[in-house]
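A.B. asks: Handing you this structure, nothing more for now.
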Amino acid sequence: MSYYWVALVLFTAQAFSIEGDRSASYQEKCISRRLINHYQLNKEIFGVGMCDGNNENEFRQKRRIVPTFQGNPRPRGELLASKFHVNSYNFEQTNSLVGLVNKIAQEYLNKCPPVIYYDSFVEKSDGLILENLFKTIPITFYHGEINADYEAKNKRFTSHIDCNCKSYILFLSDPLMTRKILGPQTESRVVLVSRSTQWRLRDFLSSELSSNIVNLLVIGESLMADPMRERPYVLYTHKLYADGLGSNTPVVLTSWIKGALSRPHINLFPSKFQFGFAGHRFQISAANQPPFIFRIRTLDSSGMGQLRWDGVEFRLLTMISKRLNFSIDITETPTRSNTRGVVDTIQEQIIERTVDIGMSGIYITQERLMDSAMSVGHSPDCAAFITLASKALPKYRAIMGPFQWPVWVALICVYLGGIFPIVFTDRLTLSHLMGNWGEVENMFWYVFGMFTNAFSFTGKYSWSNTRKNSTRLLIGAYWLFTIIITSCYTGSIIAFVTLPAFPDTVDSVLDLLGLFFRVGTLNNGGWETWFQNSTHIPTSRLYKKMEFVGSVDEGIGNVTQSFFWNYAFLGSKAQLEYLVQSNFSDENISRRSALHLSEECFALFQIGFLFPRESVYKIKIDSMILLAQQSGLIAKINNEVSWVMQRSSSGRLLQASSSNSLREIIQEERQLTTADTEGMFLLMALGYFLGATALVSEIVGGITNKCRQIIKRSRKSAASSWSSASSGSMLRTNAEQLSHDKRKANRREAAEVAQKMSFGMRELNLTRATLREIYGSYGAPETDHGQLDIVHTEFPNSSAKLNNIEDEESREALESLQRLDEFMDQMDNDGNPSSHTFRIDN
C-alpha cells in the first residue's frame, strides 16, 4: 500500500507543476517585421501580434520542446534530399542493378567480351546507371547506342569479325525489340535489362520473338506498394519447345536484393533441351542417294504403293529422334524446273523454311554454308574417278609380256650389234658384208639361234668352229648372256600364263592426264563449280577438258560404252561404289573388264544434315552426332546398312572393283587351258598370215610380170609387122632370111627355158653367185660379178693355182663350188632341147 501512496503523491505534484508553468508568463523579444517579410515567417507563431507600438520586437513566444517523437519523422538526410529533389531510394536501386550486372558479367560473360546496347530513353532517364556501370564493370566491353528505329548505330558489333565469341547486354524500354536489334542468337549469351512490367516480360519470353535466342537472361524490377523500400530484381529465362507445338514458357530463376541472389546455386544460363523437344514433329525433305538415303517403293496387300526410307542418314536421325524425344515426317523432294539438281531443291526449301531438315548425302561446302546451316560431318566421303579397267592382261601378250619394251629394244641392239664384232674378230674385215645381204641374213639367223636354241650350227664355216680366241671369248660372253636372258624369259612366261598379271589402273589425276582420258562429271549439285578455281595445276588442266552430264547413270554409261577414247567419271565414291555393286556385274560388262574406283581421293568431303540458318535445334543434334561418332554407333550403322542393303542373293557382300579387290583372287593349282596358251597359237597364226601375204604378193607379182611380157611381146610384134610392111619393097636374101629366122628361134627358145626354170633353180643360182663372191677372192683375181647371171666364171682347177691357196678351208670351198658348177651345167644341158637328138623311125 505504501507504494501506491508514493506514486499518487508524485503524480499530484507533477500535475500542479505543469499547471503552474502554463499560468506563468515571461517576456521575450519580438522578431522584426523586416525579417518576417524576408523569410516569409508565420506572423502568428513568431508573436508579431503580441508586440504593440514601439515595443513590438521586445517579446516573442519560445517553441515548446517535446522530448518524445510522435509518428515517423524523416531523417535530416531525407529532408535535404527532398529539398534538392534527390531520391535516395532510386540511388540505391541504381547501385543494386549495377552490382547485379557486374556479377553476371564477371561470372558468365568473362570469356566472351560483352557488347552493351542502350536506347535513348534509358540513356536520358537512367543515365546514372550507365555511368556507374561503365566505371565499375570488371571486364572488357563494347558499347553502342540504339536509334529511334531500334537499330544499332554501329552494326559491326553484331557481326563476327574474328573467331572470338561475343555476348550482349541490352538496356531496353521495350523488350520485344530484342531480336530486331540482335537477330537470332543460338550461341551467344544475351542479358536483357528492361523497365517493363513483369507481364510484358513474360509475354516476350512466351512469344516467337524469343524462340531464336537460346541463352537469354531477362532482368526485371519487381514493383512494390511502398516505393520507398528497396525493390528486388527478378531474373527470368525461357524453356524452348515446352510442348509438341514448339512453344516457349517463361521460367523464374532467382531474384537479386540487398546485393545477393536469393538462390545463388542456380545457373543463370542453364542448358536448354535437357528433356528433348517434347515430341515435336520435324518436317524433313529427302531424296534417293545410296548408301546414305534409300527410297524403297513397295506394294501393300491391297495394291497400294508404299514408300519407305532407309540408309545411313535415316537410321542415324531415327536414333537421335528417340534420344531427343521428337518425331520425323519425311517427304520426297519435289522436282522444280528452276533447279538443276535435287540438292539445290532441298536447299531452296531450307532457305524458304518450308522444311526443318534436309538429308540426301549432302556435302558440307562453303557455298552451302553461306545460305544455310549444316551439321557436323557424320560420314566421310570423297570425290573419286570410275574407269573401265582390265582384270588381267590378255594371254596373247605372254610372248611380249615378260619384258618391258626398253628391254626388248636393248636385246635387239645387243644381238644385232653382235654381228659386227663377231665377224670382225673371225675375218678381221667387214668388206664382205658390204652389199651382201645374204651373209647379213645368215648372221642374223645365227644370233637368233643363239637366243632361241632353235638352230645349231656345226658346219666347217660356223663361228663355233673358229680357231681365234677373241671370237671364242666373244661368243662365250654372248652364250652366258643368252642363258641368263632365256632363263628369265621362260620363267616369266610361266608365271605370266599360270598367274594373273594385273594391268595398271587409274588412281590419280596424273594418270588421267597421261593416258588421255575423257573426263566427265555432273552439271548440278555443285560438281560443276567446286574445282573451277583450283590452284592445283593438274586439277586446273583436268577441268579445262571436263564434260558435264545430267545424272550419275549417264556418266557410268559413258564409262562402260567407251570404245576409242577411254572415259572417266568423277563423282561420289560411296554412291558410285553402291551403283556398281547393285547394277553392274562381271557378266554385264566383260569377263576381263571391271569398273574400277580410284584409290586416291580427288577431294575429301564430309556429309551432314542441312538446317535453316540460326536454327536452335542444330546444336543439340550436332552434340548427338559427335557422341555417336565417339561411341562407334555410326560405324555400326554403316555396317548394318552394308549388310542389309548391299548384300547379294548368296549372302555375300557385293564387291566393287578396286586395286585391292582385283588382286584378292584365290590361287590354286590348275592345268593350262586354251586361253592360257592362246599366245602361241596367235603367233603361229601370225606366221601363216605373213606367209599367205607373201604368197599372194608373189602370185600377183608373177601375173603382173607375165602380163607385162605379153604386152611387150605384142608391142614388139606390132612394131616388127609395121617395119616389115614399111620395108616390104626390100626383099631379103636367102642368107639374111635364114639368119633372121635363127635369131627368132633362139629368142623364143630362151624365153621358154626361162619360163620352165623353177623358183628353186633361180635361188640356187643366186646362192652360187653369193658363194663365188665370198670365196672366189681367195684363189681368183677380181672379176666382174655383174656378169655372173650370164656367163659362169670357170674356177681354177689346176694344181698350180691350188698350191697358191694356203687355206685348206678355202680350197675345200672352191672344190665344192666347182662340183656345183658342173651340176648346174648338167642341169642346163638337160633343160636345153638342142642337146637332144630325136630320130624318126621309118
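Just so you know, glycine gets a Cβ as well, placed from its N, Cα and C.
Not measured: the values here are computed from a predicted model.
What Swiss-Prot lists as N-linked glycosylation site is N325, N469, N533, N558, N583, N588, N765, N797, and the listing cites sequence analysis. Under the heading region 'Disordered', Swiss-Prot lists 722-745. The signal peptide annotation in Swiss-Prot covers 1-15 and rests on sequence analysis. Among the features that Swiss-Prot reports, transmembrane segment is placed at 405-425, 437-457, 479-499, 680-700, with the record citing sequence analysis.
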A.B. asks: Of the glycosylation sites N325, N469, N533, N583, which one has its Cα closest to the Cα of N558 (N-linked glycosylation site)?
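C.D. replies: Of all the candidates listed, N583 is nearest in space.
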A.B. asks: Reported as an integer number of Å, what is the Cα distance between N583 (N-linked glycosylation site) and N533 (N-linked glycosylation site)?
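C.D. replies: Pair distance, Cα basis, whole Å: 34 Å.
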A.B. asks: What is the interatomic distance between the Cα atoms of N325 (N-linked glycosylation site) and N533 (N-linked glycosylation site), given in whole Å?
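C.D. replies: N325 (N-linked glycosylation site) and N533 (N-linked glycosylation site) have their Cα atoms 44 Å apart.
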A.B. asks: Would you kindly give the Cα-Cα distance separating N533 (N-linked glycosylation site) and N469 (N-linked glycosylation site), rounded to the nearest Å?
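C.D. replies: Cα of N469 (N-linked glycosylation site) to Cα of N533 (N-linked glycosylation site) measures 71 Å after rounding.
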A.B. asks: Looking only at N325, N469, N533, N583, which of these glycosylation sites has the biggest number of Cβ atoms within 10 Å around its Cβ?
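C.D. replies: Going through N325, N469, N533, N583 one by one, the largest Cβ count within 10 Å is at N325.
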